[in-house]
There are 2 protein chains.
Amino acid sequence: MATGNPTLPNLLPIDGVKIAIVSAGIKKPGRRDLVVFELAEGSCVAGVFTKNRFCAAPVLVSKEHLSKGSPRYLIVNTGNANAGTGEQGLRDAKATCDAVAQCYGVSASEVLPFSTGVIGENLPMDRLLSAIPTTKDALVADAWVDAASGIMTTDTRPKGASVSFEYQGHSITLTGISKGAGMIKPNMATMLGYVATDLAMDQEILQALLTETATKSFNRITVDSDTSTNDSCVLVATGKSSAPAITSEQDELYGLFKEKLQTLMITLAQAIIRDGEGATKFVTIQVENALSQDEALEVAFTVAHSPLVKTALFASDPNWGRILAAVGRANISEFDLNKLEIYLDDVCIVRDGGRATDYTEEAGQAVMNQEDILIRINMASGDASETVWTSDLSHDYVTINAEYRT
Amino acid sequence: MATGNPTLPNLLPIDGVKIAIVSAGIKKPGRRDLVVFELAEGSCVAGVFTKNRFCAAPVLVSKEHLSKGSPRYLIVNTGNANAGTGEQGLRDAKATCDAVAQCYGVSASEVLPFSTGVIGENLPMDRLLSAIPTTKDALVADAWVDAASGIMTTDTRPKGASVSFEYQGHSITLTGISKGAGMIKPNMATMLGYVATDLAMDQEILQALLTETATKSFNRITVDSDTSTNDSCVLVATGKSSAPAITSEQDELYGLFKEKLQTLMITLAQAIIRDGEGATKFVTIQVENALSQDEALEVAFTVAHSPLVKTALFASDPNWGRILAAVGRANISEFDLNKLEIYLDDVCIVRDGGRATDYTEEAGQAVMNQEDILIRINMASGDASETVWTSDLSHDYVTINAEYRT
């Protein structure tokens with residue numbers, strides 16, 4: 001199941017990015033499961049990666065290669081995460097880079113590898129290596145939609161977003177794709193994401209932009225509180241637009257671009273929640289007037305991770321007592337229970353330390369019947385606010401994750 | 001569903017404790033849903049209560065009354081938690097105490113009220129108050145088994161344990177009952193528990209014993225990470241045994257009694273997990289050689305709360321990658337990934353930073369097919385150990401919690 005509009009919008013090509021999607025048969029024969037991005041020379045690349053200590057072999061190699069300079073190729077396989085695979089996993093990730101480097105005449109450190117899928121199995125290197133040369137003839141500029149499908153695992157739909165805007169007569173384009181449906185919990189971009197623009201940019205600024213916008217998008221979503229070992233998000237600036245390069249945060253274009261990028265990143269992140277494993281609801285949890293950002297996040301994620309809140313959402317049950325109980329166990333400093341307010345959309349459910357006197361079950365039920373639900377929590381103890389997005393806990397979540405390997 | 005032996009053992013009466021179970025029709029007509037414990041004059045009582053900030057009205061009143069002296073009556077209703085009910089809830093809890101006090105000729109502060117069931121609805125006071133006088137004729141000594149049934153909510157079976165032992169020719173008896181199946185997460189005894197002994201004891205020692213043994217039992221279990229608003233555990237010492245009173249931790253009898261009490265408390269706590277909502281597995285998570293107790297608990301609970309680990313357990317799937325990923329995201333200080341080891345019972349699944357080379361899927365599968373499973377995690381970074389107990393995440397958990405109010 002999934003929520004919202006299943007249609008992928010038109011994804012604009014980015015000058016300087018070519019994409020190939022081929023079949024390596026990693027997990028299923030015939031599945032187009034291998035994606036290569038070719039980035040024009042001079043492209044600038046930034047990345048953010050999982051904070052799980054058991055980060056997968058491709059994450060380790062990508063981080064190392066990214067630290068050495070600007071990559072020219074990204075290679076992504078689905079069906080196998082190459083995680084928890086020890087030394088053999090590292091050798092396999094490096095051999096993958098070697099094969100891409102040989103195929104395209106670059107050095108192995110100019111290749112970033114990415115893997116997603118089952119944890120703990122070795123990559124089928126023979127099939128992977130024999131598929132890499134077939135990517136060369138498959139490279140085309142306008143393949144973002146196919147790439148969005150190529151990186152899927154338990155996703156039920158491809159995810160992507162695109163925006164084009166003008167600046168002083170110059171056209172600037174920004175396109176991104178993401179994947180992820182389970183093992184989704186913020187601690188870095190808990191998924192795979194590839195975003196590119198034709199704008200020119202300094203590497204430090206690109207990295208700072210990615211880190212900041214990922215924090216407010218991919219690090220604000222949760223399906224099941226489980227942090228993947230393979231999460232990675234990459235932002236590419238090819239510099240092919242005629243617009244002036246961004247070389248400083250003082251540049252006028254910086255603020256404009258950042259706003260567009262943040263919107264696109266939130267769209268990609270929300271798409272993951274809309275396609276959350278077994279999702280029947282899209283839930284926004286907005287915590288206001290908390291003592292600090294950290295406390296606002298702690299309250300929001302405690303509610304978002306509560307299995308009892310999530311099953312009540314699945315049942316469209318306005319069981320506000322479970323929301324209240326989750327807020328009550330959040331690990332934050334003291335606050336005044338009698339000032340706290342909780343709303344379902346505009347319906348106040350908790351006020352003065354208990355059920356709001358004007359609350360009616362009918363009003364609560366009407367909100368819970370919706371597919372999109374806003375839970376708003378006013379802590380009345382400070383001025384910090386945070387928003388996170390989550391899905392419900394349904395039978396399909398259990399089915400998908402109980403049967404994933406069978 | 002539930003795991004383990006469903007049969008309640010023989011529960012020995014405690015001299016000085018009488019119990020009445022009657023029907024107040026709180027939620028369902030005819031259900032025997034109201035339990036009164038009468039404690040002999042001179043009994044000593046200790047209590048531990050939920051740390052959820054939204055503690056329910058009866059918890060607030062019980063804490064207040066307990067601070068004023070030794071209670072003579074405990075009254076417990078199921079079907080309604082009287083939580084999130086604001087001022088009205090407090091008035092109702094106090095009115096309940098008043099009615100018991102009037103019925104039995106004691107003061108209201110000698111009564112502790114307890115409620116469990118749905119959150120956010122007011123108690124049906126008319127039905128409750130008219131049932132209280134009927135408890136008087138129902139008081140008997142040998143009713144622990146019926147009381148264990150009387151306090152159930154989504155429990156599928158009553159829970160209790162009993163032990164009798166000799167000390168220098170004196171017989172000492174200890175009996176306890178507990179209830180709880182969902183909204184189970186340690187932060188104080190996440191359930192209701194009533195334990196009594198005929199031993200005589202100082203109040204400070206009784207309270208310290210309860211706090212310490214609850215920490216290692218009820219505070220080490222989790223079904224779904226949700227902390228209830230109503231959790232309470234009470235330990236009563238009636239002093240009717242001919243054995244010498246415990247007046248100091250130096251008393252010889254102190255160590256012996258503490259050991260018996262800890263075993264009984266763990267039995268009651270484990271019974272809650274065996275009857276965890278939708279449980280098909282009983283899982284022990286043992287973290288060894290951690291830097292500190294706190295870090296050992298953080299790792300254990302991160303694994304215990306992982307929906308992906310819990311669904312894999314439900315599927316009997318030896319998906320050790322999910323255990324590894326959960327350990328990897330635990331919020332603890334650095335540790336050496338290459339020294340960490342993870343075992344399923346005696347089968348090593350993770351060693352040297354990846355899958356143990358001698359691991360076979362068959363060996364892992366054999367353990368996962370069991371109803372009782374031990375996950376042992378050797379952090380190899382210190383000498384602290386902790387053990388927690390949990391259940392799996394099944395379709396029945398979703399069904400039970402999606403349909404609880406319907």
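The backbone N, Cα and C atoms fix where each Cβ goes, and this holds for glycine too.
All annotation found in TrEMBL is predicted automatically rather than curated by experts.
These figures come from a predicted structure and were not determined experimentally.
Annotated features, as they stand in TrEMBL:
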- A:T153, A:K179, A:T190, A:E277, A:N401, A:T406: substrate binding site (BINDING)
- A:T190: active site, nucleophile (ACT_SITE)
Interface-proximal binding-site residues, chain B, C-beta separation under 8 A, candidates A:T153, A:K179, A:E277: none
Around the Cβ of A:K179 (substrate binding site), the count of other Cβ atoms that are within 10 Å: 27
Lowest local Cβ density among A:T153, A:N401, which the record lists as binding-site residues, within 10 Å: A:T153
C-beta crowding around A:E277 (substrate binding site), within 10 angstroms: 29
